[in-house]
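Below: the structure, in structure tokens.
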């Protein structure tokens, strides 16, 4: 932003108080606002120019003053001018917009991941530690938060205007967006994609807490089971571990450490194992057979909810060694402390 | 005031509307319903689209009334959803798409190029019947209990989650689409094959060029919409998994197909309106359109680029970043021809001899509102800003600036401009100027606040909204009320003028187009003998020479 931070703060505060701008509550907000002001300036200049030309000519060349028109063919020079200058301005806006877009849709590698499931008509947020929220989302300030979003039914869209971020929740496909909140407070959370009867009821609140308050909140809202632990149980109860046992003789590939790796499939293609791949491999296993294995895995379509899939994804993400799989088989104790928020490195491959 | 008008009417004491014309040539309802005359079909269209415009407008009124308060208190959420769906379907498919081409285009294109009729008069009539079937089906969907898909029919909502009359409404659009294809086909063939001797492509009025470009879009784009609708039908009725991810379908595919038509469709709507503006601005500044060739080609350029920008409706939907880049860039390119047009029109005024009759006022309104509408489109076409603004009231305001502020202003400008030609009578000037100003003020008051609401984050299609958005919504509803008055007025005084308006004579505006050289209203065969075009379009010196020599040109 070319202007001094103090002036900027003043301007934005005034615009917010005048109810012209939403509050600036994320690191993206000032960038978006600066770009918005640039585009408004472009519009105003364009409008004033066209207005001045139209009114100027209309007054200067009205019939009373100019009874006879002078015929003019056109002017290549003038026409070139008003082709090239608008084009240049639009291209400038394009580059600026593209940079902002990449910024908003490229989560930093160390961001903490929260899953969001949209369904008619509510938002369900799932923290890795197992905290569940309906139409609410608690996040700390000063930490990049990545949302992995999916819809269970129709298209929804996850929008937090004060953060200037929005991402479509698509049925059957993970999408991601990230933000870093700066101001503690509560902010609107909207579904912006028309999704049926209660579309306008699919709203909620984002609560931004200081990091210490956030830790407190995490502890208060602890459900006793982290997502990965839920996934572990599901993994056992669905019988996944019968094949994916991690032993040498297993009928299914070893899943330990598979997350984030490149996998070679039977058709020779290479895929990156990320959330989307794991989800799809559970639902459409016949299309994702790892090289060296027989296509014997049945589909789990219709048997696991989106939340269950998230649990499994989170479990496989956390699965680094065979030990965990054996543990799943042996133990059912789940009273251990909830999994803390994911550590760096886990979410590096979550890019779409 | 006396010097400030170009209106030249025959002596009202003696003048009469010609006894023999296309309206009086035959009598009885059947003579209208079975006509093959492009002018009569244009009038059939005019009556039907006006009817649907007021239906769509009534729903807009109900929407604004509901949004007067934050709670969903006037109607239930479901009913509100049906309101905006019906508003969208009726306004887009039954009003905006056919508005200028099917009425003014139908009436004027053959005359402007010196032809007796369109190339396929019977197909022209068929297209009106298809339109009426589409319209009737839409109304029946409404009467049977409504439909709440939104005009965008987004899957899987429309295929699996709603049990309203989706198929009826989809069928209506499917059928109305063919009406649009036939109209486009008719125009393309007519403009290629039926131009009179001497009427080269570059002697055609710009209205013909812009309708030609729109026709290309209709013929190439509408079939894709038809296919998308058939796929929705197959999935909804027979469970074929095209879009349903649970059956291996792609949920985004529908939106690709839908916007592949529906983005060019906005150019189908706006291009003919731009043609009207070219005619009106030239006539009331007594000047050839500045840079005729640039304006003509910019229409074609808009049509071409218009096909390659559809993905900008889906930037937040997880499309690949690279394709988003390409589509955003192409979107910037499509903005340029529109800018060229605006500046060319402005410079048409320069050194003109300008008068301010009603069509010109509407044209000025168009230029202001279309400039805002176009530039706010850049906000949505650039990637980063689109994330925050899409699916909010900003986008609602943007497309209403283009479609209502731009297109509807152009349509009203054209209706007033050619009213004397179509009916042989003048509309009342002062009242119509009042209507133009009321419309403009009402429009600004309705849609300006929505830009602010959009940046504040108010989502579109909400029956209820957080209370802090109420003030701006009240402004918007107040504006919509004024706008409604602005649209009722023309309907009333235009109807009045059919009987009581001043007799217009052949050429009240002293305009140069061939349509102004024949009687008003025209004969069924338009011209007594085939005209020969021996001058450029907008040649006011030629017109003056014709008049001083007293030479009767044609008809």
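Keep in mind that glycine also has a Cβ here, set from the backbone N, Cα and C atoms.
Looking at the stretches A:34-59, A:112-137, the one that TrEMBL records under the feature transmembrane segment is A:34-59. Annotated by TrEMBL as transmembrane segment, the relevant range among A:80-102, A:149-171 is A:80-102. Per TrEMBL, the stretch carrying the note region 'Disordered' among A:301-326, A:327-352 is A:327-352. Within its own chain, the transmembrane segment (A:80-102) has Cβ neighbours under 8 Å at 28, 31-32, 35, 38-39, 42, 46, counting only residues six or more beyond its boundaries. If you look at the transmembrane segment (A:34-59), the same-chain residues 6 or more away from its ends with a CB under 8 A from one of its CBs are 1, 8, 86, 89, 93, 96-97, 100. Remark: secondary structure over the domain 'Cytochrome oxidase subunit II copper A binding' (A:109-220) totals 16 helix, 63 strand, 33 coil, with classes taken from DSSP.
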